[in-house]
Ligand SMILES: Nc1ncnc2c1ncn2[C@@H]1O[C@H](COP(=O)(O)OP(=O)(O)OP(=O)(O)O)[C@@H](O)[C@H]1O
Ligand SMILES: [Mg+2]
């Protein structure tokens, strides 16, 4: 590839060399083991199943031995000069400490659990093993120092699985009061996960040929695996809810002309009636004795009005306060105090806000739990975040824009309205999105301020728009619906979970009903989220299309 | 009558410079030199801007030291001097943009058409409408090119657009389009952007942004235009166009321009003020005299490139 006289590193490396293939294969194997161990950890893969003709635990063990072996072989091969790499003099402190700590734990466990020496004995051997590995990885050249400790440990863990020292029926009882124990179902996947990460890191370094490039590849692989696993776990959570809830949501689902309920829209005094062409009873019905299929419509509508009300209350106030704090107030003690206070309010537990609503708002709104009290309580919860994020967003608007506007002879308020606010809007919207995500799923304040019930009849669906009426005496409008108790999805879910046996109302299958409610809650919150993202996207594009 | 008043002001200025520099002559030569070198610039007619004994401090940093100069109406005044000598600071004092700098403290007097701008009750919005400014670094709004131009007049209520105005029958979108075109043509930008007026201004090149800012400044039709190195990011062709523009502008406007380019100052300006490090105005006179026969040794050295 390079001539003999050329001592510099080659500009172009041929990734498909046969030696490079060993390292690449090791990385791929590590990724595969990583995925398998995650699947096993979430019980999507049973340890007693067979995979490729052997039990899963044996398969994992064998694969770990191969992986560890490959890493060691590559490292030694590089040290002996069979593989062309550009290692540095040492693997470095970080790798040394990481390997040393892992070996410290491994050594200690083997000494105390398998060999059975006393506390001093295992501590000493752990320190000895950990220190030794630290020394090896720091003192030797990088190709040995970053492969040998990882590879040997991985192979060792693999051997433990293959020989059945830790088999599918293995249990380690900690002997604590609470009967805590490690089972194979947890231990084998976890150990596989860590070993494959460790060896994958080493193999990725080897694939990059060690040196700066190798470290880059290693770090990249670690970060990538990490991100993938986080996304994977989140996805499993979501998939689980959908899987459990979809049956209940689709109960009685029908499509066709006139199958749905009848809606009436009044426009300019003329009423139009139409039948929905789809019938999804779970989101179109309440709970009722005569219902063929029951649903959670009152709670859905309640949640939506709750969030809309809280946003309408908190956003103008919060943005206004942020404008005052950033554009008008002198920066000093006062603004600092307000900042600390808003941050503190945002971290205040929601039950405290709930209690405030219960003790302060409810007595003022007809002394009963009501939708309005819930809206305001959640609005108070949302307020600090809106202030904080709007303030950040306005502070990050460059002063040049304000100067440019001032130099044109434009007043401060006009500048704020036409230049600062539009530029800050995406940030403000981000804050609202985050806040709505939190309050839409909030249970405690609703419990105290607007509680509906476990199984809410369709007649309790809040009709805020229809509830408005004009009166002849001040304040000339009234909306009694606002002062009625209403339900919301998170509270209904909570009530369903805690409801005792026999409280099942007219619902045939409360468990299915519960999961379906959870799924609908998820969808409602994600819809708010989607609306927010769309709004932010729109404002951003306005700003720099 | 007014001429005599002018004289006395001038004399006062001179006296004050004397009295002020005297107690500070601790460092010796330079202060005395300033005194010796100083020659008052005389011109016929009313000054548009009369700056008298202007001191600016940023915290403890004395950035401008007792600057006095009268800027004649409908002319081009160039400010030259080494970097950091206070040219931008001086410029920002003329429309009170320095008020926006927290640490800045300003002491002295600036009169616009004989009216003190550093006094209680001055309407800054009105002042800045009359004294426009183009900043040293381009700062277009994150809006479309057309909106950047129409922003000022719209906010002043000179142009009304939008749904409400249209409903009330007051919308004058044609006027707006004319204004946008005229300002962009004046700033030598029209040919490059005429087909993308609705694109975001941040997508323009640095030089185009600079010209957009000039166009934006023209849109509100100020009486005085302050320009801080308006041609620093422009190629020779655009620079020539801007210089032509400045030449045209000087028929109806008073232009004060900061530049690092001596040839440019010599080409476009009627009078030149030389600031030197430390924030002192060392010499102010007709441009020809400054470049051909400077009174001050230091100015001569600076102009011939020996001294910065
Ligand atoms: N906002 C500010 N805060 C503190 N000091 C400042 C500020 N603006 C300017 N200064 C100081 O005032 C002095 C003059 O600055 P100024 O910007 O007026 O220089 P200049 O002549 O415009 O230089 P240049 O040619 O590089 O633009 C400098 O020493 C600078 O450090
Ligand atoms: Mg400057």
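Residue numbering: from 1, along the chain as shown.
The backbone N, Cα and C atoms fix where each Cβ goes, glycine too.
Automatic, uncurated: that is what TrEMBL annotation is.
So that you can see what the record holds, here are the features copied from TrEMBL:
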TRANSMEM  A:20-42  transmembrane segment
TRANSMEM  A:89-110  transmembrane segment
TRANSMEM  A:122-140  transmembrane segment
TRANSMEM  A:152-172  transmembrane segment
TRANSMEM  A:184-203  transmembrane segment
TRANSMEM  A:223-243  transmembrane segment
TRANSMEM  A:250-276  transmembrane segment
TRANSMEM  A:296-325  transmembrane segment
DOMAIN    A:300-532  domain 'ABC transmembrane type-1'
TRANSMEM  A:345-365  transmembrane segment
TRANSMEM  A:371-388  transmembrane segment
TRANSMEM  A:419-440  transmembrane segment
TRANSMEM  A:515-539  transmembrane segment
Flag the pair the transmembrane segment (A:515-539) / the transmembrane segment (A:296-325) as in contact if three or more Cβ pairs fall under 8 Å (sequence separation 6 or more).
-> yes
Spatial neighbours of the transmembrane segment (A:296-325) not adjacent in sequence (6+ beyond its ends, CB under 8 Å) are 282-286, 335, 338-339, 371-372, 374-376, 378-387, 390-391, 394, 416, 421, 428, 432, 435-436, 439-440, 446, 450, 452, 456-458, 460-462, 464, 486-492, 516-517, 520-521, 524, 528
Problem set entry | Feature contact check the transmembrane segment (A:152-172) with the transmembrane segment (A:20-42), CB under 8 Å, 3 or more pairs | no
Near the transmembrane segment (A:371-388) in space but 6 or more residues beyond its ends, with Cβ under 8 Å, are 302, 305-307, 309-315, 317-319, 321-322, 325, 339, 342-343, 345-346, 350, 353-354, 356-357, 361-362, 365, 428, 431-432, 434-436, 438-439, 442, 445-446, 448-450, 462, 464, 481-486, 488
Lying 6 or more residues past either end of the transmembrane segment (A:122-140) yet within Cβ distance under 8 Å of it, the residues of that chain are 90-93, 95-97, 99-108, 110-112, 146, 148-149
Near the transmembrane segment (A:152-172) in space but 6 or more residues beyond its ends, with Cβ under 8 Å, are 47-48, 55-58, 60-69, 71-72, 102-103, 106, 113-114, 181-185, 187-188, 191-192, 195-196, 198-199
